[in-house]
Each structure stands twice: as C-alpha cells, then as structure tokens.
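**Q** What follows is a single structure, and I will ask about it in a moment.
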Amino acid sequence: MVEIKKICCIGAGYVGGPTCSVIAHMCPEIRVTVVDVNEARINAWNSPTLPIYEPGLKEVVESCRGKNLFFSTNIDDAIREADLVFISVNTPTKTYGMGKGRAADLKYIEACARRIVQNSNGYKIVTEKSTVPVRAAESIRRIFDANTKPNLNLQVLSNPEFLAEGTAIKDLKNPDRVLIGGDETPEGQKAVRALCAVYEHWVPKEKILTTNTWSSELSKLAANAFLAQRISSINSISALCEATGADVEEVATAIGMDQRIGNKFLKASVGFGGSCFQKDVLNLVYLCEALNLPEVARYWQQVIDMNDYQRRRFASRIIDSLFNTVTDKKIAILGFAFKKDTGDTRESSSIYISKYLMDEGAHLHIYDPKVPREQIVVDLSHPGVSADDQVSRLVTISKDPYEACDGAHALVICTEWDMFKELDYERIHKKMLKPAFIFDGRRVLDGLHSELQTIGFQIETIGKKVSSKRIPYTPGEIPKFSLQDPPNKKPKV
C-alpha cells in the first residue's frame, strides 16, 4: 500500500489553508506544505495575522506551523517532494466567451495540471479539492498523458470539500462524510486507499465514502445545488407570508419538524451568498444545457432567479418604506460578509443591496466587524456594481455600528453577526432621524420586536408583518444585475 508522508496543496485560500492545517494537526507524522503564487497571502499565513478569519483556525495553525505545516511560494519544490498534491485553486464563473456567466473557468486547474506534470517523477497522487464540473479529472488526466515521461505514474482523484465558512474547522474535524472518487482500476483503487488512510487518522471509516471519479465530482455540485434550493424555497414562502400575515419562522418550524424534510437551511433571509452556491448552481445549469437537458437546466436556474428576486424585493421594500425615495438619505448597512463568522464577501447579499440603494442616491454607512475597509471598497467598485465616482461619493466605512447609525434614516441588517443582537438600540434610536426604521434581512432581532417598537422603531423583517402601519411595496421593479458581468473597467481601491 502507498504511504503518504508528504502533502502539497496548491492554493492557500478558504479551502486549501484550513483543510491542510487540520490534516497537519491531525496527522503529525505527515509533512504538509501549502503553496501559492500570492506572496502576500503566504506571508500572512506565516504571520500572527492569518489572511482569513475562521473560528478556531488560528489555534490549529499555531499548533503545527513550523513543525509539520509549512506555507511557501516555492511551488515547484513542494510538488517534486510530495506524495500527494491537492489542487485547491479558484474555479470562478467565466466572464467571457462561451458559457459566460455560467460555466466554470478551469484555467487555474489546467495551469496546476501542467505544473504538476512538469515537476513530477515516479508515483504521485493528484487530488481535485476545488469544485469542478463533471469530468474535469478527465481533462487533468489528458494533460498528464500528453506530457508523460519514463517511470511517471500520476493518479487522479476527486476529494471535494463540504466545509462551510464560519464552521470550517468544526466541519473538518468532525465531517458528515469524506468523499473520495477514483478510477475503478487497480492503480486507481490503490490511490483511493492511500488517501483514505490519511483521513482515517481521525474520521471513522464508515464516514469515508468511495465512488468513481464522476460521481464524486457531481456530488459536490449536487450538494450545493440542493442547499441553495432549500434557501430559495423558504425565501419564496417568505414572500407569501408577508402577503398573507403568516410568519415564515413559524411555517419553517412546522414543516421542519417533518422528518422527511428536516429543519436545516430553512432560515429565510435576504438571500444566499458566498463563493459556492451561485457559481455551482450556474455551473450545473450550463452542464444540463450542454447535455441537452433544457428542462433540468430551467429547474435549477429558478434557484438563482428566486435568490435575485429576494434581494430586489428587499431593496424595494426599503425604498418604498422610506416614503418611496432614499435619495440623499443616510442608511446604515450592518454586515458586509456573506454570513457571520467569516470575512468572506464573495457574492454577499450586502453588495447587491448596497448597489440597489446607491443607484437610488442613498448615502451608505457600512460596518462589518471582520471585513476590512479595502475589501468593501473593492467589492462596491466592481464594474457591475458602481459608476466611477459612486463609492467615494456615497459610501462611508464606519468604525462601529453606532457611528454607522448616527443620523441615519434606517439601519439595514445584511449579515447575522451575533453582536447585532446585543447593541444598545435605545442609544441608536436617539441618534437616528424619525421615524427610525430597522430592516432586518437576517431575522437576527426576532424576539426583540416588542421592545424595539416600544423604543420607537418601525420594523420590517423577512417573512413577517411587524410594523402596524407599513407602506405597501411593489417588489421586483429594481432591474437585475450580476457580479458575473464582464468587467469593462478596473476596480478602484
């Protein structure tokens, strides 16, 4: 049996960094090297201030960094020395050419494959960690076969990650399952068993699933599509609840107690974000269209359409509640990350809500406890979001929630940070213009509505009528836009 003693991971991002840190932590006899072309990112991994925020990550890294966990820009040497190479690079949605806006861009995967074969001799296991379309492993193998050399034996596996940002370390230490896909040949199965042995250091054998390569690749896309579908489904019900007087939380509890349905991912909100859900669902849509399955493609496209609708609907509600105009009005945006306990802003609903309000001339004062000012500016300066001067003219980054809300017409909660439940809302109300509005896009203030109304707030929340005198709104009038639109200008910083 092949014994893995040295691991190289290409890509030091949200997947590669935490995953390999946990592997090093759980397998002290294995030397793990995480490499990246981004020198600043590697320097951050080697510093006290890690490049990403994730609860528990710092403690894991510090327990083994410099012992059996290393971060480096020396990619070629790390590949040459490794028994196993993880490919954990970005697979963004294409912004140009065929499949624009839906297909995955595999240029970084291809670059990794070419670099691996160039720097490899003998036997090596190459493992997809990035989310890729079905049969991406076949493309990697074709590159290997076309560049083979004497005694070179590269085995390709699929080992998708199922971690969630904000709970990544917990998910990695105690996964629901580990999925490993490989060729159904003796050589392929030998590679599968070798990778299984790494995870068996801490994962029970019954939680390690082995499949063929294509099933493993599709399982990752399907899992994210199903989770996104759940969110869009409950968000569609939230619109119905607001129209009828029902409470979406009560409806979610009622249906979630049905064991056939379950209660996870039934939290209505302003919409899902993050690097995976939209990208992977669109990739699935494109795959279905390419395979001449238009009905299946349209089905999954509706998951994205509902998410877009929920964001536009929420923004319309803000505008209409503020007497049908937000022009020159100060609005506090609390939360910019796509979810709590992470600093990741990719596809964050806060970007979309900010875009809609900026287009109406609102002055936004934004606060997030983990997203740096520079990242907010870059995100809002994306070509699909703002005009050249909009960010500098309409956006202020606040140092705390109280500063953001001072003199505001409304505060809008876009991220479910726990700290937003503990704010001194009497203090905030005194400093806001009246009537003072709260738009709770994450329902973090459930249970506080009576108290907040007593203070004097007008409250609007997802999936429930709270304020007794609410101005009717007409959802869907805001035009769509996408962060996947091809750039025609450079972002400002």
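Yeah, the Cβs are placed from backbone N, Cα and C, and that goes for glycine too.
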**Q** If you check Swiss-Prot for N6-acetyllysine, which of LYS6, LYS107 comes up?
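**A** According to Swiss-Prot, the N6-acetyllysine annotation belongs to LYS107.
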**Q** Name the residue among THR185, THR474 that Swiss-Prot annotates as phosphothreonine.
**A** THR474
**Q** May I ask you to indicate which of 129-135, 367-373, 381-387, 458-464 is given in Swiss-Prot as region 'Allosteric switch region'?
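**A** Within the set 129-135, 367-373, 381-387, 458-464, Swiss-Prot attaches region 'Allosteric switch region' to 129-135.
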**Q** Identify the region 'Important for formation of active hexamer structure' range according to Swiss-Prot, selecting from 51-55, 121-125, 321-325.
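**A** Comparing 51-55, 121-125, 321-325 with Swiss-Prot, region 'Important for formation of active hexamer structure' matches 321-325.
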**Q** Would you please say which range out of 88-110, 157-179 has the annotation region 'Disordered' in Swiss-Prot?
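**A** Spelled out, Swiss-Prot records region 'Disordered' over residues 88-110, not the other listed ranges.
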**Q** In whole Å, how far does the CA atom of LYS220 (active site, proton donor/acceptor) lie from that of GLU161 (active site, proton donor/acceptor)?
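**A** The separation of the Cα atoms works out to 8 Å.
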**Q** Averaged over the region 'Allosteric switch region' (129-135), what pLDDT does the prediction give?
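**A** That stretch averages a pLDDT of 86.
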**Q** With a Cβ cut-off under 8 Å, give me the same-chain residues at least six positions beyond the ends of the region 'Disordered' (88-110) that come close to it.
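**A** Tertiary neighbours of the region 'Disordered' (88-110) are 9-11, 13, 15-16, 19, 128-133, 136, 139-140, 143, 278-279, 282-283, 285-286, 289, 482, 484-487.
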**Q** Which ones in the same chain are close to GLU161 (active site, proton donor/acceptor), with CB under 8 Å and 6+ residues apart in sequence?
**A** VAL15, THR19, LYS129, THR131, LYS220
**Q** Sequence gap of 6 or more, C-beta under 8 Å: which same-chain residues meet both conditions with respect to CYS276 (active site, nucleophile)?
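**A** Spatial neighbours, sequence-distant, of CYS276 (active site, nucleophile): THR131, ASN224.
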**Q** When secondary structure is assigned with DSSP, how many helix, strand and coil residues does the region 'Important for formation of active hexamer structure' (321-325) contain?
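**A** The breakdown for the region 'Important for formation of active hexamer structure' (321-325) reads 1 helix, 0 strand, 4 coil.
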